[in-house]
Each structure stands twice: as structure tokens, then as C-alpha cells.
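Contents: one structure, followed by commentary.
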């Protein structure tokens, strides 16, 4: 099972903001921009597909969601230096922040992806407690937003991404995840 926390295909999304799309050299924004970026990362992502699917099964999270986060955080590792990014604070494909967590495993291995995905599920559970009336799919989106900016930043469904990087984190990740789901994740 990989659907314990909802289904990414049922989540509404506005996709990448222009602040996210422009540095990627795109003249357009929104879901089409997210899909283009996800597509550019697909070849690199496919190197980790087996591990991503294994961790998704183990933790009951859609592998496509894990892939969406990996694309957004590190372009499937393409922007990392010796496994580090974000000015030396973020570790690995999922950019686990060493200021909040002790990074585990190698930057691109199963232990790391398990740690990052566990951090995600912890945030989803916090959002479930904070917003019990939201649907599972809404709580999943809230958890994705919290993965970037913390559970305290999620104040309402409509505005959950305000305060995330480029104010579009969950919307962009969800759109990328929908792309990866169409490509066997």
C-alpha cells in the first residue's frame, strides 16, 4: 500500500510560481512549468526509482510524492555538491536540514530517503491533528507544505504555501508528483 496519506492525483494544484519557473529558464508558470521541470529531472530520478518505490511501500507514501519532493529539493541530485545543497545545511536528495535533524545514510541511498519520507509523514500527522476536518488529500498537501516551512506555517488550506520557498512549495511538488505518477512512480 502507498495510499495511507491520500492520493496526489486528487489534489488541486496551481503548480510552480513564476518565482520558481523563471530561474529554470521558463517563460511560463503554473502546472505546465512544474511538469517541464519534473520531466527534465526524470532521467536522473529514474536512477533512484527502485529505492523510492521501496521506501514508498515501506512507509505507505506514494512514491510519486517522494519523487516530487526530490525534484523540487535537489533536481534528483543534479544540483548537490558531495550530497550537500542549500548553503551546506541541506543533505541528500530530499535535503534533510542538519539544523533540525541528524542526516542519516548516504546522500542518495535508501536510509536517507527513508529519513526524508519519515520527516514528511511526521508533518502529515501533525497537519492531521491540526486540521482534522480536512480530507486526507488536503492533509497530504498540508504535510508537503510543512516539509518546507514547518507545521506552524500552515494556517489555512488556501494559503498554506504563503511562507514556503517562492510561496508555491506544495503546489509545485504536487504538480511534479502528478507527473511522476504518470511515469510509473
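Even glycines carry a Cβ here, placed using N, Cα and C.
Following the DSSP three-state reduction, the secondary structure of residue 60 (disulfide bond) is coil. Summarising the annotation, Swiss-Prot assigns disulfide bond to 4-60 (among others).
Sequence annotations record features per position, and here Swiss-Prot assigns disulfide bond to 18-29 (among others). Note: residue 18 (disulfide bond) has non-local neighbours 29, i.e. same-chain residues 6+ apart with C-beta under 8 A of its own C-beta.
The Cβ of residue 73 (active site) lies under 8 Å from the Cβ of 85, 90, 93, 94, 95, each on the same chain and at least six residues away in sequence. As annotated by Swiss-Prot, active site applies to 73.
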Give me the long-range Cβ neighbours of residue 60 (disulfide bond): same chain, 6+ apart, Cβ under 8 Å, in sequence order. 1, 2, 3, 4, 5
Cβ-based isolation winner (fewest other Cβ atoms within 10 Å) among the disulfide-bonded residues 4, 29: 4
In three-state terms from DSSP, label residue 4 (disulfide bond) for me. coil
If H, G and I count as helix, E and B as strand, and all else as coil, what does DSSP give for residue 29 (disulfide bond)? coil
